Amino acid sequence: MLLAVDVGNTNIVFALFEGREIKSRWRVATDPRRTADEYAVWLLQLMQLQGFDPKVVKQILISTVVPRALHNLSVLAQKYFGLDPLIAGQPPVEWGFEADVDEPRSLGADRAVNAIAAHAKYPGDLIVVDFGTATTFDVVDFNGAYKGGIIAPGINLSLDALVNAAAKLPRIAIEAPTRTKSVIGRNTEDQMHIGVFWGYVAMMEGLIARMRAEIGRPAKVVATGGLAVLFGDHTDIFDHVDTDLTLDGLAILAERVTVQ
């Protein structure tokens, strides 16, 4: 079985695969100071609770956008699973697609993995939207080439900036406005919900419309990340909502290495 490790700026997701099927997954907050032993206590207990013997893991693949977290996760793989981990984007785990951008080496692992998975699962011209700490918009053409994209502040970052800079504004949850259907709020909290949520939807729809116009061909939109389902319920701009896209991309990469 494959243990895929997706290290984001906010969370780390561990997923256990049999082939391309996710058998289980576990999530922990990203903290580069966490030791290999601390990861092991947490992860091995969860695996055992669900009936998985660590010996079933034959391959570990790590994708990270937090370089400082890589060392201790590699030690975890070696010390507790007896495996040298594969690292996404490093030999022998090459991306296998053309990156038609100014600095291909600067492409984040998460975005590259998303591009691989999206092309495999949804053939054609694509825009991949990933709601994370930042919200990224990536263009993948019908040949699977990465053509560039957009990086925007994530909605939580936007809300944090608003609340931290305006002393009298309260902290609110990230959710669709429920107390009013109007976009003209009559109290502070409603106005904030409308501004944060519908403002983000408008930004997202506007950017996608501009990207589609520039691509010049019909492009399907694939949404992933923690808030994809929430936004997918309030816009028709998405063709697919796929919260497992990044993990599936890791399984595809691991499969390629096995075939080699």
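Glycine is treated like the rest: Cβ placed from N, Cα and C.
What you see is a predicted model, and the numbers here were worked out from it, not measured in a lab.
When secondary structure is read from DSSP and collapsed to three states, Thr10 (ATP binding site) falls in the coil class. According to Swiss-Prot, the feature ATP binding site maps to Asp6, Val7, Gly8, Asn9, Thr10, Asn11, Ile12, Val13, Thr133, an assignment based on sequence analysis.
Annotation comment: Swiss-Prot describes Gly108, Ala109, Asp110, Arg111, Thr188 as substrate binding site, evidence class sequence analysis. Less than 8 angstroms from the CB of Ala109 (substrate binding site) sit Ser63, Thr64, Val65, Ala88, Gly89, each of them six or more residues away in the same chain.
The annotation active site, proton acceptor is assigned in Swiss-Prot to Asp110. In the three-state DSSP scheme, Asp110 (substrate binding site) is classed as helix. Non-local contacts of Asp110 (substrate binding site) by the CB criterion (under 8 A, 6+ apart in sequence, same chain) comprise Asp6, Gly8, Ser63, Val65, Asp130, Gly132, Thr136, Thr246.
What Swiss-Prot lists as K(+) binding site is Asp130. Take the CB of Asp130 (K(+) binding site) and look out to 10 A: across all protein chains shown you find 27 other CB atoms.
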*Determine the C-alpha span of the ATP site listed in the record, that is the greatest distance between any two of Asp6, Val7, Gly8, Asn9, Thr10, Asn11, Ile12, Val13, Thr133, in Å to the nearest whole number.*
14
*Tell me, by DSSP, whether Thr133 (ATP binding site) is helix, strand or coil?*
coil
*Other than its own, how many Cβ atoms are within 10 Å of the Cβ belonging to Ile12 (ATP binding site)?*
22
*asked:* Give me the long-range Cβ neighbours of Thr133 (ATP binding site): same chain, 6+ apart, Cβ under 8 Å, in sequence order.
replied: Gly8, Asn9, Thr10, Gly154, Asn156, Leu157
*Neighbours of Asp6, Val7, Gly8, Asn9, Thr10, Asn11, Ile12, Val13, Thr133 excl. site residues, C-beta within 8 Å of centre, ATP*: Thr30, Val65, Val66, Gly132
*Sorry to bug you, but what's the C-alpha spacing from Ile12 (ATP binding site) to Gly108 (substrate binding site), rounded to the closest Å?*
15
